[in-house]
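Visitor: My questions all concern the structure below.
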Amino acid sequence: MKLARTLTMLAAVVALTAVPTTAVAHEPEARGGVVTAGLPFSTGTTSRCTTGFATEHASLGDGFLAAGHCGSVGDRAYVNNVAVGVVRLRASNGLTWLWVELDDGWTASPALPGGGSITDDRETPIGGSVCRIGSTTGWHCGTVQAKNATVSYPQGTVTGLTRTNVCAEPGDNGGPFVSGSSAQGIALGGSGNCSSGGTTYFYPVRRVFSEAPALSIIGG
């Protein structure tokens, strides 16, 4: 029987890191296109993060996941500084996840930058290999070290996280963690950097779908 490990990290954990975008000029709205994971994402009032998994809402259609602190419900959503949709759903704690509904003409693709595609959300075990992509540092890989971790960020305490030895830097938050073609979770801060190494946590996508049953992964 596997025992769930619960970890608590306090001030040593980097905040839910993102890159300020107050000086960014957004481009005119495009007529449509395709949104994939791993792209620069922001709203008009918050910082730059990274687009997460392509997901479908049972009644609203295509969209994508991102970290909850990257925007608020009703915010206009920008990918590569182009308006693509609106934040429609957000975790009750405001930290772990949000969902952007794409505008007409835009579609969400399960394709991953560099090749490959998401096919399912099968969860990898402790010790399993995972990789993540972020709009700041690109692809980095490592292993799952623990599950059901509890982490205290300046913005609040989050439970149910998965700990990895994968690095991340500001702006990478919200990006997808994958294991092969299986979606794992949403990058949600950590410590260290990609020069010296670090620890990054992710919020499992299966927890997101449990909290928002109308959402499901788009598989290719």
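For all residues, glycine too, the Cβ spot is worked out from N, Cα and C.
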Visitor: Taking TrEMBL as the reference, Cys70 is linked by a disulphide to which residue in Cys49, Cys131?
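Guide: Cross-referencing TrEMBL, the cysteine bonded to Cys70 turns out to be Cys49.
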Visitor: Tell me, from Cys131, Cys194, which cysteine TrEMBL puts in a disulphide with Cys167.
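Guide: Answer per TrEMBL: Cys194.
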Visitor: Suppose we draw a 10 Å sphere around the Cβ of Cys167 (disulfide bond). How many other Cβ atoms does it contain, all chains included?
Guide: 23
Visitor: Any idea which of the disulfide-bonded residues Cys49, Cys70, Cys194 has the thinnest Cβ neighbourhood at 10 Å?
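Guide: Per-residue Cβ counts within 10 Å for the disulfide-bonded residues Cys49, Cys70, Cys194 bottom out at Cys194.
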Visitor: Fewest neighbouring Cβ atoms within 10 Å: which of the disulfide-bonded residues Cys131, Cys141?
Guide: Cys141
Visitor: DSSP on Cys49 (disulfide bond), three-state: which is it?
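Guide: Once the DSSP labels are grouped into three classes, Cys49 (disulfide bond) ends up as strand.
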